[in-house]
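Engineer: Before I ask anything, let me first share the structure, which is written out below as structure tokens.
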């Protein structure tokens, strides 16, 4: 059976919620889905003082896990217009897999969050997608079959490059129903593509 990994980093729970929605969508395609997160790099006392959400249910991923999946969907919050250092650090450890071509032909995708509408979501998606392309993966975005990314009657994330959410400057805004629907749509699209390519 086709296997999909939703790999994420979430400091405050927004990307965790998006990861769960991506996984729900992937499961709709009839594939096996695992959700894992990358290790935290921030010292525990700093994470506590900054109110990081440290009680996340997803297990910690190991770099060798990546070879076990037909599709890998990567999510992380935006940090100054690029992926967070926790995810970058994890992907930087994939040099051995890259050298062996171990990820060639796997399907990949990206999702993210930012504090504001113009807070670097697309550049962050591209920073993730660049890694996936270097790994030899087939990248699937969030196409315009998801009409929710065209909405003008509400503040909403979403781009053809991947699902996104807007958190607000203080992080109080949680992913909207429309943003979660976009995440589910992208998860399903990636899973269906992986199933077609890998059976």
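Using N, Cα and C of the backbone, Cβ positions are placed for all residues, glycine too.
What Swiss-Prot records for 10-15, 78-80, 113-119, 134 is FMN binding site, and it gives sequence analysis as the kind of evidence. The NAD(+) binding site annotation in Swiss-Prot covers 12 and is backed by sequence analysis. Sequence annotations record features per position, and here Swiss-Prot assigns substrate binding site to 98 based on sequence analysis. Sequence annotations record features per position, and here Swiss-Prot assigns domain 'Flavodoxin-like' to 4-190.
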Engineer: Using all protein chains in view, find how many other C-beta atoms are within 10 Å of the C-beta of residue 113 (FMN binding site).
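Structural biologist: Residue 113 (FMN binding site): 28 neighbouring Cβ atoms within 10 Å.
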Engineer: Do you know offhand how many angstrom separate the residue listed as 'NAD(+) binding site' and residue 113 (FMN binding site) by C-alpha?
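Structural biologist: Checking the Cα atoms of the residue listed as 'NAD(+) binding site' and residue 113 (FMN binding site) gives a distance of 11 Å.
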Engineer: For the binding-site residues 10, 78, 116, which one has the sparsest Cβ surroundings, going by other Cβ atoms within 10 Å?
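Structural biologist: Fewest other Cβ atoms within 10 Å, among the binding-site residues 10, 78, 116, is found for 116.
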Engineer: Ten-angstrom check, please: count other Cβ atoms within 10 Å of the Cβ of the residue listed as 'NAD(+) binding site', all chains counted.
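Structural biologist: There are 17 of them.
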Engineer: I'm trying to understand the geometry here, so how far is the Cα atom of residue 78 (FMN binding site) from the Cα atom of residue 98 (substrate binding site), in Å to the nearest whole number?
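Structural biologist: Just about 24 Å between their Cα atoms.
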Engineer: Whole-number Å only: compute the distance from the Cα of residue 10 (FMN binding site) to the Cα of residue 98 (substrate binding site).
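Structural biologist: Their Cα atoms are separated by 25 Å.
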Engineer: Here are some binding-site residues: 13, 119. Which one has the most Cβ atoms within 10 Å of its Cβ?
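Structural biologist: Buried the deepest by this measure is 119.
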Engineer: Can you check how the pLDDT averages out over the domain 'Flavodoxin-like' (4-190)?
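Structural biologist: Here the predicted model's pLDDT, averaged over the domain 'Flavodoxin-like' (4-190), is 97.
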Engineer: Do me a favour and check the Cα-Cα span between residue 98 (substrate binding site) and residue 113 (FMN binding site); whole Å is fine.
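Structural biologist: For residue 98 (substrate binding site) versus residue 113 (FMN binding site), the Cα atoms are 27 Å apart.
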